[in-house]
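If you check TrEMBL, you get these features:
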ACT_SITE  Glu398  active site, proton donor
BINDING   His158, His160, Glu164, His203  Mn(2+) 1 binding site
BINDING   His338, His340, Glu345, His384  Mn(2+) 2 binding site
COMPBIAS  457-466  compositional bias 'Acidic residues'
DOMAIN    114-256  domain 'Cupin type-1'
DOMAIN    293-434  domain 'Cupin type-1'
REGION    443-466  region 'Disordered'
SIGNAL    1-20  signal peptide
Amino acid sequence: MRLRISLLVVGVALSELGLAVPVQDSPRQRLLDGLDLPAKYHKQKTAPPYTPGHKDTLDKAIDTVGDKLDPLPYRNGLGASVLGPWNWERSRQSPDMVRPPSTDHGNMKNMRWSFADSHVRIEEGGWTRQTTVRELGSSVELASVNMRLDQGVIRELHWHKEAEWAYVLDGEVRVTAIDYEGGSFFDDLKKGDLWYFPSGVPHSLQGLGENGTEFLLVFDDGAFSEESTFILTDWLAHTPKSVISKNFDLAPEIFAHIPEGEKYIFQGSNPGSIDQEKPTGKGVKKSKYNFTHRMLEQEPKHTSGGQVRITDSKNFPISKTVAAAHAIIEPNAIREMHWHPHADEWSFFIRGRARVTIFASEGTARTFDYMPGDVGIVPRNMGHFVENIGDEPVEMLEVFRSDEFRDFSLFQWMGETPKKMVIDHLFADDPKNGEIFWEKVKSAEKDEVTMPSGSDNSDEEHGDEL
């Protein structure tokens with residue numbers, strides 16, 4: 001009877017575990033030998049994440065948002081529970097702040113800001129919010145404004161002392177401008193298009209189509225303020241009408257009812273086509289400059305884990321102070337380990353969920369998590385990567401105060417360094433794995449968005465124990 005029960009137990013175990021393992025170390029053989037099953041044959045490999053018993057010496061990413069997990073400060077047997085007040089939603093959005101990887105070390109400025117924390121200025125038919133050095137102290141080279149204009153709504157005629165670079169997030173928008181030589185410019189843009197207006201160039205923006213537009217503005221000074229814009233109506237409101245009268249050679253009464261202050265964002269009439277609307281006076285001339293660019297219409301560089309488009313002064317000549325890359329990082333893929341030698345990286349996350357570890361030298365490193373609408377900063381020369389930790393592609397912009405996009409690839413650097421030098425640095429005590437590493441990097445080919453070989457999105461498990 002006892003033998004029959006033992007065989008029944010073995011049969012049940014085998015029915016669940018299967019026989020697709022080496023015969024000499026199969027679950028069946030181990031059970032027949034009276035041995036315990038190794039952990040790899042158990043359905044639950046380790047304790048769930050964020051518990052005292054969870055072990056993960058590889059510091060792998062966990063998608064707390066997608067998996068609906070509440071992070072707690074436990075890591076590899078260290079840490080403790082939380083007894084005091086705790087913002088669960090905020091913690092879930094930044095799990096690597098709650099439980100940093102064991103490789104994080106030292107003090108570093110905050111490199112993350114969410115536009116959700118920026119004050120919204122609401123206007124007639126639109127709104128605006130900004131992220132500057134005042135909101136994000138590490139954003140010293142660039143500042144940004146997120147703006148929405150409904151159908152026909154106008155961001156009134158204005159100019160800035162800073163250059164303005166913009167990316168259309170959605171909808172359609174008409175831009176107008178006048179260049180330094182008095183040439184006029186008009187264009188209608190859609191999602192994925194750019195514009196760039198150099199310092200002092202006057203321009204206007206108007207939402208088109210059924211839903212208008214939303215766009216991201218980037219200015220080449222982290223201390224920029226949208227409140228410091230030079231606005232047409234504000235200027236005239238603060239100029240004596242006698243002077244306005246002389247300037248335009250018209251009677252003062254003509255200006256009796258002009259606005260008493262800035263209009264900023266306001267509902268305008270729906271425009272016709274550019275050909276219908278553009279001025280036709282005898283002094284009007286067409287600008288010889290192109291202030292717009294179709295970024296998403298560029299042919300991307302396809303990589304093993306996504307794609308990259310780069311727009312800078314090489315293919316958008318007017319953009320002398322801002323360069324940018326548009327990257328798609330597929331699930332499980334990584335924007336390779338790299339650094340930028342000439343400018344801080346200002347990143348904007350459009351969709352997906354990502355984590356970034358920034359290496360600041362002197363043994364200092366910190367990991368940040370990003371979601372749609374978040375801004376990230378990586379100071380120049382600091383090493384970093386961008387890892388997709390969610391179940392959808394990460395779409396992001398990398399923006400720089402520079403005329404050209406430049407980066408150094410760690411992978412490429414290793415492949416272009418003498419083999420003995422690389423192995424002596426990293427594998428002096430492990431020459432066998434040094435050979436494996438060298439075979440991987442010796443091609444010295446950049447793969448800006450890298451998909452690990454053998455990656456399988458459907459077979460991920462959190463916290464595999466070594």
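Keep in mind that glycine also has a Cβ here, set from the backbone N, Cα and C atoms.
From a predicted model like this one, the values you see are computed outputs, not experimental measurements.
Structural mapping of features recorded in TrEMBL.
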residue	record	Cβ neighbours (10 Å)
His158	Mn(2+) 1 binding site	19
His160	Mn(2+) 1 binding site	23
Glu164	Mn(2+) 1 binding site	24
His203	Mn(2+) 1 binding site	18
His338	Mn(2+) 2 binding site	20
His340	Mn(2+) 2 binding site	22
Glu345	Mn(2+) 2 binding site	25
His384	Mn(2+) 2 binding site	23
Glu398	active site, proton donor	22
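Using Cα positions, the member of the recorded positions His158, His160, Glu164, His203, Glu398 nearest to His338 (Mn(2+) 2 binding site) is identified as Glu398. A separation of roughly 6 Å, to the nearest angstrom, links the Cα atoms of Glu345 (Mn(2+) 2 binding site) and the residue listed as 'active site, proton donor'. Nearest by CA distance to His158 (Mn(2+) 1 binding site), out of the recorded positions His340, His384, Glu398, is Glu398. Glu164 (Mn(2+) 1 binding site) has Glu398 as its nearest neighbour among the recorded positions His340, His384, Glu398, going by CA to CA distance.
Taking DSSP states H, G and I as helix and E and B as strand, the domain 'Cupin type-1' (293-434) has 21 helix, 63 strand, 58 coil.
A Cβ within 8 Å of the Cβ centre of His338, His340, Glu345, His384, the residues given for Mn(2+) 2, is found for these other residues of the same chain: Trp339, Val378, Met382, Gly383, Glu398, Asp407. Helix, strand and coil residue tallies for the domain 'Cupin type-1' (114-256), in that order: 24 helix, 70 strand, 49 coil [DSSP]. Mean model confidence for the domain 'Cupin type-1' (293-434) is a pLDDT of 97.
Residues His158, His160, Glu164, His203 make up the record's Mn(2+) 1 site, and a Cβ search at 8 Å around their centroid adds Trp159, Phe197, Val201, Pro202, Thr229, Phe230 from the same chain. Rounded to the nearest whole angstrom, the C-alpha distance between Glu398 (active site, proton donor) and His203 (Mn(2+) 1 binding site) is 25.
Each residue contributes its Cα atom, and for His160 (Mn(2+) 1 binding site) and His340 (Mn(2+) 2 binding site) these two points are 28 Å apart. Cα spacing between His203 (Mn(2+) 1 binding site) and His384 (Mn(2+) 2 binding site): 37 Å, rounded to the nearest whole number.
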